[in-house]
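Down below is the structure, laid out as structure tokens.
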Amino acid sequence: MAGHLSKLVSFQLSRPQSDKDEPRVGRLTFKGRSPIDTPHYVAVSSRGAVPHLSQDMMRDNTSIRALYTAVEDSSSYWSPQVIEKSSHQSQVPPAFNFPASPDESPLRKFIALQKDVLLILGTRRIPPLPCAASSTSSAISIITSLGFGMLEYTDYAEAIQKLRPDIALGMGDVLFGHKPGVKRKEAMGDRTLAWLKELISAMENEEDGTPRTALFAPILPIETEQQTYYLHALQDELKDSVSGLVLYDSASVDAIPESLRGLPRLSLGDATSPHKLLDAMALGIDAFTVPFITDATDAGIALDFSFPAHSDTNLEKRLSLGIDMWSSTFVNDVSPLLTDCECYTCKNHHRAFVQHLLNAKEMLGWVLLQLHNHHIVDGFFAGARNSIHNGSFKGDRAMFKKTYAALPAKTGQGPRVRGYQFRSEGKGGPRKNPIAYRPLDDGNKELAKVILPSPDDDAENLEQQRFPEKVK
Ligand SMILES: [Zn+2]
């Protein structure tokens, strides 16, 4: 029975890495799902959905072929961890018992994910927040809707067995937010190995013997020498049970043992801009989570780039990678976000409308931007695959760097930021959101601040009108 997990996924490289600084093109196939041509991105979900997009929009208007979900996220629905903390000892996470036929994943049904999209389950959100507590020999520290918690590897294994994602990522002992010391690095390899072995034995001992979930093994973001023991075990003992590799830092590709180089590589960490994506592709990464898509959308930015870049030798300065749609210059602009864009938003709406929606804080504004931004990234990846295939990637990448500068800075206000998954700005820092309701309860001066954000406005005057009895 050992080793059958790896047979669920097949990965063919149509253009393998010829050189160290050369990307590769391949095709990832999972039974029952649409094949994924790589390099490709993996959509990042929040509470099981791609932010701002409904399932039908995602199906009809994006090329999303794979979705990442985290146990840490929405843990009350699909992780046993939170249940233990609460008083309902006997309660089972709802997603565990969600009605699904034997060949379906209850998690897929629970989040209403279309059938042909690959479902990937990992431990932590992307990007993860640093946790105050450190991991133990059996658990990693996570941040859930109920606060800090520990995710035991046994609970994670149970979640995988019950939820049956297509691909589960091994639980890596990885620190976020600060660098591990030497002792800690040794423990990282040992723990990750022990957890991986436990996970494999749990998954290979399914009651009916039918594997449904494939496993991607972590490559740790530390020096190769410091994870040698782990990497050897991966290569010698566990090779047949592993279908792919997950990296937290694209530079860790160097640590991948020779015999595992043919496996698909998913990078979770560092693709924070199109430039970084190209760098990671050049290292031979096949799949990426790309948080900057939703970040740009939240900031009201319409992405504006293509790969290969339309070469213009007369370029005076490098172009911005996006347009800030909050800008009042678009108030009367009835052209599409981008002239040649074929996305739903650009074919049906204009800049003035999107600018208005953002300023009115209408959710549709972010929906339309999210559709456009996914379309731009879809085109970017399709262009990159073509370019690698044609052997022109090196030149195209250099041209892209010459043509484009950075993503524009955020100017407007995004959608209201809520939830445990957002980092607070620290002591004395700005609030995530201005106070909105408390002033209505006690009618103090805060109210004036909310209604009159400009210091030039006559706050006292207004307060006097509203609460004459309180103002002397
Ligand atoms: Zn568009």
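Each residue, glycine too, has its Cβ placed from N, Cα and C.
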Practice problem: Pick the one from His372, His374 that TrEMBL also lists for the Zn(2+) site with Cys341, Cys343, Cys346. | Solution: His372
Practice problem: Out of 1-31, 249-279, let me know the one TrEMBL marks region 'Disordered'. | Solution: 1-31
Quiz item: Among the binding-site residues listed here, Cys341, Cys343, Cys346, whose Cβ has the fewest other Cβ atoms inside 10 Å?
Solution: Cys341
Exercise. Excluding Cys341, Cys343, Cys346, His372, please set out which residues of the same chain place their CB within 8 Å of the center of the CB atoms of the Zn(2+) site, keeping sequence order.
Key: Ala302, Pro336, Leu337, Leu338, Glu342, Tyr344, Thr345, Lys347, Leu371, His375, Ile376
Quiz item: Including all protein chains shown, what's the count of other C-beta atoms within 10 A of the C-beta of His372 (Zn(2+) binding site)?
Solution: 27
